Amino acid sequence: MRPLAIVGPTGVGKSELALDVIERLGGQVSVEIVNADAMQLYRGMDIGTAKLPVAARRGIPHHQLDVLDVTETATVASYQRTAAADIEAIAARGAVPVVVGGSMLYVQSLLDDWSFPGTDPAVRVRWEQQLAEVGVVRLHAELARRDLAAAAAILPTDGRRTVRALEVVELTGKPFAASAPRIGAPRWDTVIVGLDCDRTILSERLARRIDSMFGQGLVDEVRMLLRWGLRDGVTASRALGYAQVLTALDAGGDADHLDEARQQTYLGHRRYARRQRSWFHRDHRVHWLDVGTVDRVGVVDDALRVWRNAS
């Protein structure tokens, strides 16, 4: 069978469906999962990323989980390199890789074999200094002056991506988008299945998920990660849920501040889900399944049908 990728917005049930689909195969083929959720790369970031515990993985090998310390910076280029090596190794063992996750750039960099523009430390440092001196809003305005399309695609609060875009524009003399790949045949001839559901249903699922995260001990998890150096982590400290709890703890960590963190975490997940929907629905290669109108068994059947027919 061809490799499979399961994508879609956060909270839609990608991890569980992947396990159900693999179990339904009943051992006909050997299957291994490759994670494509950027924040699940981090050790200790379990509750807030809805990472499946080892006991819940049903004995199925998982890759790209718990491979970074929270002080390390996650990058698309590094993920692409190591995840691609995992997929090649899985295939070499005669097994089938299943990519599962919703981190948009991570998924596309892997399936479309992106090439990344070079970097110049001196240029990068200069733009980082500008960021520190003038702030992200003014630096984002400078990006808009140089490359309006790039500025429109990058949130005005995202200093790291703004710096990278300015670096690429300066080094290449071309718009940032010129270095992005065009969508073609997916790498390894991967079959891509997308999961989605009505927005109201997903919002309810997200509300339950956030309540569960806080109920299971997200705040204590953040306190533990602070001892591991979370504040020094460029990407880990900005993860949804973790950033909001950090803000609440900095403000004193009382019940009101933690309630605000919970609400902001929920709203952040809703915004992120909208962005994921928009991103993945632009990809004509995705076979979409509605998980809100079909029962779990039916969705598994549909996913298997798509996978087998494509193979």
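Quick reminder: no glycine exception, Cβ is built from N, Cα and C everywhere.
As recorded in Swiss-Prot, the features of this protein are as follows:
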BINDING   Gly8, Pro9, Thr10, Gly11, Val12, Gly13, Lys14, Ser15  ATP binding site
BINDING   Thr10, Gly11, Val12, Gly13, Lys14, Ser15  substrate binding site
SITE      Ser103  site 'Interaction with substrate tRNA'
SITE      Arg124  site 'Interaction with substrate tRNA'
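Taking the C-alpha positions, the distance from Arg124 (site 'Interaction with substrate tRNA') to Gly8 (ATP binding site) comes to 33 Å.
Cα of Val12 (ATP binding site) to Cα of Ser103 (site 'Interaction with substrate tRNA'): a span of 13 Å. Between the CA atoms of Ser103 (site 'Interaction with substrate tRNA') and Ser15 (ATP binding site) there is a gap of 13 Å.
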